[in-house]
Amino acid sequence: MKSAVKAQTKSGKKEEKENESPKEWKLEPEHEFRFEVDFGTTVKLKLIEGTAEIFGTEIGIGPEYEFSGRKVAVFTWHGKSSVEYLANETPMVSYLNMHLALEQCREAARERGGPGPRVMIVGPEDVGKTSLTKILLSYALRQGRQPIFVDLDTNEASLHYQPSFRNLYVNKIDDDDDTPTFNQGTVTIPGALTATPINQILDVEEGFGSSATTLPSIGSSTTPIVYYYGYAEPGENVKLYKILTARLANTVNLRLDQDEDARTSGLIIDTSGLIDNNVGYEILQHCIQVFSANIIIVLGHERLYSDMARLYKDQSDIKVLKLSKSGGVVNRDKMFRRQSQMRKIQEYFYGTSKVGLQPFNASIDFHSLSIYRVGFGSLAPSSALPIGIDRKVSETQLVRVEPDETLRHSILALITTDSPEEPALLEANVSGFLYVSEIDNVKHKMTILSPCPGRLPKPYALIGGFKWMEA
Ligand SMILES: Nc1ncnc2c1ncn2[C@@H]1O[C@H](COP(=O)(O)OP(=O)(O)OP(=O)(O)O)[C@@H](O)[C@H]1O
């Protein structure tokens, strides 16, 4: 069988004119067609014949897929042709073998009724951790599994749901079983720690999500779980990051107790690229422990692999494995990362080019929303902390933020708690995000952009370090 793809570039924000004629590529078996698309440029891609996949998700023959601000690989297992400028050295066979090994663990788990593999993917920045996560999740899904995707990379918001259904504020937390829910049909933003049961095909254009029309009901076991850390880097507030990841792990375990398919399918955990052997290792070991990860895949880093293998050599229940980085993985500079973060926030409120959303502006009184920042640490040097508060305590100290000019352009995470006390506030799950567009100090009002109209569900919000400007 022959696989052929056609790609066409479109650029120029204003005219949106198609400025390149389509090109056609034919892929040999186990070859990859790689391309990078800048922000402001769009590449349309179409599979003409054969079979192909993008980070594990199959693309169909016929439809046009659009990419902007993305770095993409189209891979085929079956193609046949002789075009030598397509990449033929890909580690996809080793990724498939990894998947097959995980499948064996899942099958054994199903027979025993026990837990499936809890896989954590670790490595430095830009080695393809998120891409491997997508591939393993997609392959598992294609075999009828329902793994939970845990995203501990606060730099990115990989979770992307086609927001065809928006009813954020009816988000409910069932106090009895302590399983917070995050409504389907939303995207999360950078700074969030999330766990999402993957039971629908991943969206090839956006990375994660679903364009399926059948969405599970609110509060079902398939809705994502979201906590707000508020910063891009786990090292920014290590104590808070550890508290929230432990909390997320606990909630995931509760979810798994109730859902046999997810339990036997296991977890795939994507991590941040922080691997320095000081706080990076401390955080990794903490995450391995709280999620009871039993398969650690080290991607593209020999030293990290040998350190991890040494650290867990006496724990026979934990396997440390290594896989190589794909030659196609692209380094993203600070600017590109920042643009990706801003785009995710934009999409949270306004949707994507395919599924647009209409957020709502509202003017609310200062006193109708209590905003808290976690930690003095990120705000002030030790010498500037209030007397009697040391930095360790201050990292998780809740500080009430009085609205003023500095709040303008901030992102707020609305949390579902009835109590303004620690730890309820600190560890509450997120029901949605708001953007503060204006502050009126005279009238004591702020203008917020909200994904849905009406009253705020709970009057508490957390603020982190993210600022955004409406384009
Ligand atoms: N085989 C490939 N061909 C082309 N591009 C790729 C390939 N694999 C990954 N990429 C791209 O390279 C970039 C980095 O990959 P990815 O996000 O998977 O790395 P990461 O290790 O998760 O990075 P970080 O930890 O910094 O978030 C992404 O833009 C991704 O789309």
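Heads up, residue numbers simply count up from 1 along the chain you see.
Cβ atoms here come from the backbone N, Cα and C positions, even for glycine.
As annotated by TrEMBL, compositional bias 'Polar residues' applies to 1-10.
Feature annotation from TrEMBL assigns compositional bias 'Basic and acidic residues' to 12-26.
Look at TrEMBL and you will find 26-109 tagged as domain 'Clp1 N-terminal'. Here the domain 'Clp1 N-terminal' (26-109) has, by DSSP, the following mix of helix, strand and coil residues: 18 helix, 37 strand, 29 coil.
Look at TrEMBL and you will find Glu32, Lys71, Asp126, Val127, Gly128, Lys129, Thr130, Ser131 tagged as ATP binding site. Cβ neighbours within 10 Å of Asp126 (ATP binding site), excluding its own Cβ and spanning all shown chains: 17.
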If you measure every Cα to Cα pair among Glu32, Lys71, Asp126, Val127, Gly128, Lys129, Thr130, Ser131, the residues listed for ATP, what is the largest value in Å? 18
Taking the Cβ of Ser131 (ATP binding site) as centre, how many other Cβ atoms lie within 10 Å? 24
For Gly128 (ATP binding site): intrachain residues, at least 6 apart, with Cβ closer than 8 Å: Leu299, Gly300, Lys325, Ser326, Gly328, Val329
Which is it, of Lys71, Lys129: the one of these binding-site residues whose Cβ has the most other Cβ atoms within 10 Å? Lys129
